[in-house]
Amino acid sequence: MSQVYFDVEADGQPIGRVVFKLYNDIVPKTAENFRALCTGEKGFGYAGSPFHRVIPDFMLQGGDFTAGNGTGGKSIYGGKFPDENFKKHHDRPGLLSMANAGPNTNGSQFFITTVPCPWLDGKHVVFGEVVDGYDIVKKVESLGSPSGATKARIVVAKSGEL
């Protein structure tokens, strides 16, 4: 299974690294999209993009590297791609799942759960999990608000594959 990372900053100050394990065996197309966006090997990706929506006791959302506000992003496959499967459930904190605008609208936006979110099962594709740096996820979570607005500009300063 691939491992990738984000080096996260808040208002330009480094706060730490989050490492993810991707479920290549269960959702290979979804995992490959995220891996390639972490490396930037296609000429675009997550480096420099914000966590634009952070809701405490729910999730951290990012991955819009085109508009930076939740309206953009794109996949390595060109635009959106279909939901691969819903074999994994949102049953614990630290899961990596695709954000979308309805069925079969996966691009580059993702979220990291901070609680179990069973109401998202069958609607969002879980494709990985945090294996190191969950304390950094919690730091980012503390900078969010019920509306999703963040108290600092939280950015993926650097990302890549381990």
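Including glycine, each Cβ sits where the backbone N, Cα and C put it.
Feature list (source: Swiss-Prot):
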type     : residues : note
CROSSLNK : Lys29    : ubiquitin cross-link
CROSSLNK : Lys42    : ubiquitin cross-link
CROSSLNK : Lys123   : ubiquitin cross-link
CROSSLNK : Lys139   : ubiquitin cross-link
CROSSLNK : Lys151   : ubiquitin cross-link
CROSSLNK : Lys158   : ubiquitin cross-link
DOMAIN   : 5-161    : domain 'PPIase cyclophilin-type'
MOD_RES  : Ser2     : N-acetylserine
MOD_RES  : Thr71    : phosphothreonine
MOD_RES  : Ser142   : phosphoserine
MOD_RES  : Ser145   : phosphoserine
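In sequence order, Lys21, Leu22, Asn24, Ala31, Arg35, Glu161 constitute the residues six or more apart from Ser2 (N-acetylserine) in its chain with CB-CB distances below 8 Å. Of all the recorded positions listed here (Lys42, Thr71, Lys151), Thr71 has the Cα closest to the Cα of Lys123 (ubiquitin cross-link).
Cα proximity to Ser145 (phosphoserine) (within 10 Å) is found for the following recorded sites from Lys29, Lys42, Lys139, Lys151, Lys158: Lys151. Distance between Cα atoms for Ser142 (phosphoserine) and Lys42 (ubiquitin cross-link): 33 Å, as a whole number. Lys158 (ubiquitin cross-link) carries a strand DSSP state (E or B). If you draw a 10 Å sphere around the CB of Lys123 (ubiquitin cross-link), it holds 15 other CB atoms from the protein chains shown. The Cβ neighbour count for Lys139 (ubiquitin cross-link), using a 10 Å radius and every protein chain shown, is 16. For Ser142 (phosphoserine), the Cβ neighbour count at a 10 Å cut-off comes to 12, with all displayed protein chains included.
Computed over the domain 'PPIase cyclophilin-type' (5-161), the whole-number mean pLDDT of the model equals 98. Nearest in space to Lys151 (ubiquitin cross-link), taking C-alpha to C-alpha distance over the recorded positions Lys29, Lys42, Thr71, Lys139, Lys158, is Lys139. Under a cutoff of 8 A between CB atoms, and with a sequence separation of 6+ in the same chain, the neighbours of Lys29 (ubiquitin cross-link) are Tyr77, Phe81, Glu84.
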